[in-house]
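I have placed the structure first, in the form of structure tokens, so that the comments after it can refer back to it.
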């Protein structure tokens with residue numbers, strides 16, 4: 001029994017509450033509070049007995065508190081612990097290397113307008129912020145593309161050009177080894193070759209009428225026909241469902257099942273073809289000296305240009321600006337656009353006739369071969385020759401890969417060269433002999449494969465380092481399904497570029513035509529009788545309470561005039577500073593050179 005003075009305490013079992021398991025952040029807070037209590041920094045029971053601070057001081061205190069909160073948050077993020085209890089060794093966002101940021105740089109920073117144009121200023125700031133964000137995101141996502149092109153490397157003292165295709169096929173894995181094969185088609189050769197944009201499908205056309213399209217990776221034959229007529233060239237159109245065949249008389253369009261869709265009689269005696277994928281244009285060069293453009297999306301002829309240069313059997317396109325390059329028997333190469341009836345550029349490249357032309361994917365370099373047995377590399381930015389090589393038998397066919405490898409066919413030997421425009425080349429990177437004279441060369445996109453069409457059929461060569469390892473899935477996806485192809489086709493047709501926009505310099509579209517603008521402005525001034533863009537004379541607003549006296553009005557006028565003058569003075573000072581810096585730099589350089597002693601100084605009197 002308990003004594004009467006004591007209270008009975010009943011502890012029921014149901015009322016008991018279990019302690020929640022403590023988390024690491026709660027333990028951290030407890031430790032901090034304990035440390036604070038020991039040191040005397042934080043005391044929640046302490047009451048300020050002093051006088052209350054005035055309102056202004058309160059505001060200052062609040063501002064300081066907010067600042068402290070921000071710093072505390074930053075420190076918490078910095079020392080944030082992981083689930084394991086360890087602190088993050090790399091807090092914050094990962095640093096992006098400067099060279100990678102430079103790779104995705106879009107534009108230089110614009111000069112901000114004065115504060116009077118607030119709306120324009122905000123727009124420029126927003127656009128620059130969006131551009132910076134896009135640049136950083138692209139640089140970060142570049143880490144997801146780790147694939148690199150691997151080149152063939154021989155042992156010490158071994159030439160890579162002596163390594164045979166059979167050795168390479170045996171050394172690589174089974175999938176890559178299966179990409180080297182031969183099609184013996186001696187009955188209908190020689191053959192023209194073309195791979196589609198994704199690099200999945202192969203189209204071959206024999207001189208004697210044999211045409212076949214193949215899914216070359218799975219070795220599935222899609223269709224095979226004999227047109228019973230001479231075939232000059234074959235070319236895939238926008239997708240693997242349609243292709244064009246330049247036959248003896250006219251141009252024909254077939255589908256992937258070999259069914260004839262169109263016979264276009266306006267395009268007669270066609271010898272070579274090129275397809276412009278972003279414009280949906282099929283460009284054809286004929287034996288009658290005509291260069292014609294066919295819009296395959298609507299089936300209409302866009303342009304027909306009489307080049308007046310004779311038979312056109314050498315042709316290629318610049319992938320960067322969609323300009324057509326034609327080679328002629330007099331040794332010249334001409335550049336053409338569907339918007340002009342005359343050649344944009346004429347270049348004298350060889351002393352004999354031009355045999356083949358190729359342009360790299362960046363549109364910077366052009367490689368030509370001629371009857372004078374020379375192989376020349378030109379810089380298309382300045383239209384000047386960079387390198388010239390002598391081939392004993394000359395090159396009849398040229399082709400450039402996505403990574404800049406050059407393949408040149410001389411008779412029945414195919415040679416592949418590396419870094420043709422950057423360093424002088426003394427020997428080929430690879431070489432292979434085929435059966436019969438080569439008639440067509442084409443590198444497969446996104447694969448280390450070179451397709452060779454020759455007298456005895458077709459050969460698929462393995463060329464390590466030729467293809468681009470990282471593909472853009474929205475533009476050319478080698479693994480797309482039929483549904484994805486349909487959707488891509490619709491989007492591509494909506495984004496089709498008009499032929500009027502094809503020009504030698506594609507960046508011209510972003511420039512303002514100042515001469516035309518000035519002419520239009522002058523016409524507008526004549527029609528209106530006054531200049532609508534002229535600056536209106538500043539008239540000060542009338543103010544009451546004696547603020548519009550003559551002196552004050554004059555003062556305000558001078559203030560506005562000074563603001564305009566300041567910009568001019570600032571610009572003049574900036575130019576002056578730059579010229580002075582340049583002069584000082586030159587003087588320093590001169591003094592350094594003069595201070596250096598020469599061996600010839602002892603002969604000075």
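Cβ from N, Cα, C; glycine included.
The region 'Disordered' annotation in TrEMBL covers 1-119 (among others).
TrEMBL lists 28-37 (among others) with the feature compositional bias 'Basic and acidic residues'.
Annotation comment: TrEMBL describes 63-78 (among others) as compositional bias 'Basic and acidic residues'.
Here TrEMBL flags 103-119 as compositional bias 'Basic residues'.
Residues annotated as repeat 'WD' in TrEMBL: 347-388. Remark: secondary structure over the repeat 'WD' (347-388) totals 0 helix, 25 strand, 17 coil, with classes taken from DSSP.
Look at TrEMBL and you will find 428-506 tagged as domain 'BING4 C-terminal'.
Summarising the annotation, TrEMBL assigns region 'Disordered' to 547-605 (among others).
Secondary structure by DSSP for the compositional bias 'Basic and acidic residues' (560-585): 26 helix, 0 strand, 0 coil. If you look up TrEMBL, you'll see 560-585 (among others) marked as compositional bias 'Basic and acidic residues'.
Per-residue pLDDT, averaged over the repeat 'WD' (347-388), rounds to 95. Per DSSP, the secondary structure of the domain 'BING4 C-terminal' (428-506) breaks down as 17 helix, 22 strand, 40 coil.
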